[in-house]
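Working notes, structure below.
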């Protein structure tokens, strides 16, 4: 059949400004007439013609509720805009890191390469009819659209008058692998449904020594548990951990992708990954039995990770520092060295200490993976990470949850080369972390999240903190009045970043109070929630003395926490006596 293209009249819809990772709203908002269509067309209009006409696009996501409807709408709009091919992961499933890998690595049967992707995800936000949906666009390098593009998309949403769509194009069966071909006014249009794991698994096997990891997993001394929280990581977990690496099926937890993530919150932290946390011996009550040696979890779209040892939590800030410190010896991909390392500004300075010690280039960037992407494209950065459970490398242009798990497995395999056979005790996750602290010092670190705060009140709190910064002597008077047992503030500012690659400047990236002993308080408003504002407070204290690195984090940070809450007048502005989540 030859499909026809019709033009639908529309008008701008307020609030379609993409955040750090696309547009996220409640499903009911996306289901409003023209809501999704306006945003998709605004994106097409923001791209240059060669990225649309005759191009190959990837459309997939984490499988959350409304994805199946959204994919069909985007296919019809892509056809109408002159796109030549759309690649879809079977059942709309492709993890965010796998989308990046597909853009960068995959070639079609005719040699075609993808120029970009619509990723349907709200990441770690809940899914279901009353929960969140999201969409973001990734570029031909496999990374999220830069601000120059997202700003253009937003401007386009404010002026849009119409969009083309191939309404008579039948829905494509996305449950079966294969190619469906159509004829349109501009010639052929193909939709190819493919296995979501193939390209990604191939890439992982080129990075890590699967044989070494397989050997570790085959040891009766090594036990392992992976929790996909019913997100898209489940589409990869069986293939990688069971089929390729020989783990037991019983090692996989919640690995069936579900539209509503099984009613849970697909955010891999100590609050939401309750089942894994209990199994690893970190729950409030003892589950009985010996916990596994190693545990890990993913979020909805599998770009985030949480790393756990037996009764031991690894902070994301420590995780990226430990991966960087061990990458050259443990991971074949890095055997010839690291080009540089980078972290987001709120992430602890543990990575800075490793970079200094190993004489590596180091970068501190705003929150948002696109900033790392620029450094990687310029060959300046190999390993990077964020405190928000995101870790990755230059193999793709997104953070990558399964990559981080394989990196940790590689480090464990490397450290236990001589211990796998025989009676020798395995070097544990906790051993590796404590040894790291003994070598580099420890950054005590915690994050307080205040979710769904009244946006006006959140803004007032931030303005109060900026105003305080105008006089450091005055700030120190207030600080000493609150707590005499903390160091003095050395400097305070609003973080601003000048990209060393393209010279672009990002302002208002978080409020910082930097103390004379290396401690930090950071306050940020987050752009990833779908309702209200989220205030994130980051508290960090550096301890170089190896004999003092074994304290409980909350105990060590207690004076700084007290100071942060009183200095910011948190309860006064928000009405909250406690945070929603403590990490």
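Just so you know, glycine gets a Cβ as well, placed from its N, Cα and C.
The active site, phosphoserine intermediate annotation in Swiss-Prot covers 123, and the record cites similarity to another entry as its basis.
Residue 123 (active site, phosphoserine intermediate): 28 other CB atoms within 10 A of its CB, across all protein chains. Here Swiss-Prot flags 24, 123, 303, 304, 367, 386, 388, 399 as alpha-D-glucose 1,6-bisphosphate binding site.
The Mg(2+) binding site annotation in Swiss-Prot covers 123, 299, 301, 303 and is backed by similarity to another entry. According to its DSSP assignment, residue 299 (Mg(2+) binding site) is coil. Over all protein chains present, the Cβ of residue 299 (Mg(2+) binding site) has 34 other Cβ atoms lying within 10 Å.
Among the features that Swiss-Prot reports, phosphoserine is placed at 123, with the record citing similarity to another entry.
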Euclidean distance between Cα atoms of residue 299 (Mg(2+) binding site) and residue 386 (alpha-D-glucose 1,6-bisphosphate binding site), Å:
14
Cα distance (Å, whole number) from residue 299 (Mg(2+) binding site) to residue 388 (alpha-D-glucose 1,6-bisphosphate binding site):
11
Identify, among the binding-site residues 24, 304, 399, the residue whose Cβ has the fewest other Cβ atoms within 10 Å in this structure.
24
Shortest C-alpha distance to residue 299 (Mg(2+) binding site) - which of the recorded positions 24, 123, 367, 399:
123
Looking at the binding-site residues 24, 301, 303, 304, 367, 399, which ones sit with their CA no more than 10 Å from the CA of residue 123 (active site, phosphoserine intermediate)?
24, 301, 303, 304
In which DSSP state, out of helix, strand and coil, do we find residue 399 (alpha-D-glucose 1,6-bisphosphate binding site)?
coil
For residue 388 (alpha-D-glucose 1,6-bisphosphate binding site), the number of other Cβ atoms found within 10 Å of its own Cβ:
23
